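Data block below; observations after.
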Amino acid sequence: MPSLAIKRWSKIKAYAKAIKFANVLKPQTFDINVHISDDIMTFMNNIDTLEWNVFDLQELTGGRALYYTALYLINRHNLINKLNLNSTKLMEFLNAIEKGYKPNPYHNSTHGCDVMQTVHHMLLKGTGFQYLSDIDLLAAIIASACHDYAHPGVSNLFERLTESERAVRFNDQSILENFHCSETFMLLYLPQYNFMDNVPKEDKRQFRDLVISMILATDIGRHFALLDHLRKGIAKAFDGRDRENVVDMLRMIIKCADVGNPAKPRDISEKWSHMVQEEFFAQGDMEK
């Protein structure tokens, strides 16, 4: 291809990305089967900021923050229409995920929702949206919402030392993260929850691969290996056309979001700090 044509094509692609990113900032028309009340929609006005308070949304929705936030974000990107998702099954799936989170002091559905919103914030402020396909966006939302699904409220080390059923099943490797992935897809593949019935096979494969990769990245035991991998990648310029670059970006984003409470306003951060301490002390009591 002649150099002039290449330059023109590059400008066209850059313009298309700019349009896509601008559309993220616009309110979307919601799927007709999805209803979110006006007061919840008003609350979502500042969802792009770190000041967004998931605890207030939990109170407003009667403990349904994860469900409504996931629905809002999926509709904001018009993913139900773009990917031909089954909206009824999607709502049933999100409802089951939210209910499947245990009432732990810290690793509960509130945390799942908070991480999902923080991933959204980081993608938006870092302009990461422009590098993602629609199936990537869906995977990022679902992975962050489900990353601690059915968490037992104890650590990987506790699971390993007690030789739990989960530790045996996953060979002591990223025990809880593998468990969250497995339970998420076991639920998704049930007929009443499989909202991706009409999604092409190759997109389903990409979705599954990315959800697994993102959830496994939240294992703190893999922290230094992941950082080492990132440092090697920093030596090269980021290329959004490189699939590995995009996946690495999403892995680091969910990892940062998972431990990002200190970046929130002090009142929110302190509340999370007290909650995680309570859970750690509860595990300590079990270890006595």
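Yeah, the Cβs are placed from backbone N, Cα and C, and that goes for glycine too.
From the candidate list ASP248, ASP258, ASP267, the residue TrEMBL records in the Zn(2+) 1 site shared with HIS111, HIS147, ASP148 is ASP258. Sequence-distant neighbours of ASP258 (Zn(2+) 1 binding site) (same chain, six or more apart, CB under 8 Å from its CB) are VAL115, HIS147, THR218, listed in sequence order.
Within 8 Å of the Cβ centroid of the Zn(2+) 1 site, not counting the listed residues HIS111, HIS147, ASP148, ASP258, the chain contributes HIS107, GLY112, VAL115, SER144, HIS151, THR218.
DSSP classifies HIS147 (Zn(2+) 1 binding site) as coil under the three-state reduction. DSSP classifies HIS107 (active site, proton donor) as coil under the three-state reduction. Long-range C-beta contacts of HIS111 (Zn(2+) 1 binding site), restricted to its own chain and to partners at least six residues apart, with a cutoff below 8 Å, comprise ASP148, TRP272. Highest local Cβ density among the recorded positions HIS107, HIS147 belongs to HIS147, counted as other Cβ atoms within 10 Å over all protein chains shown.
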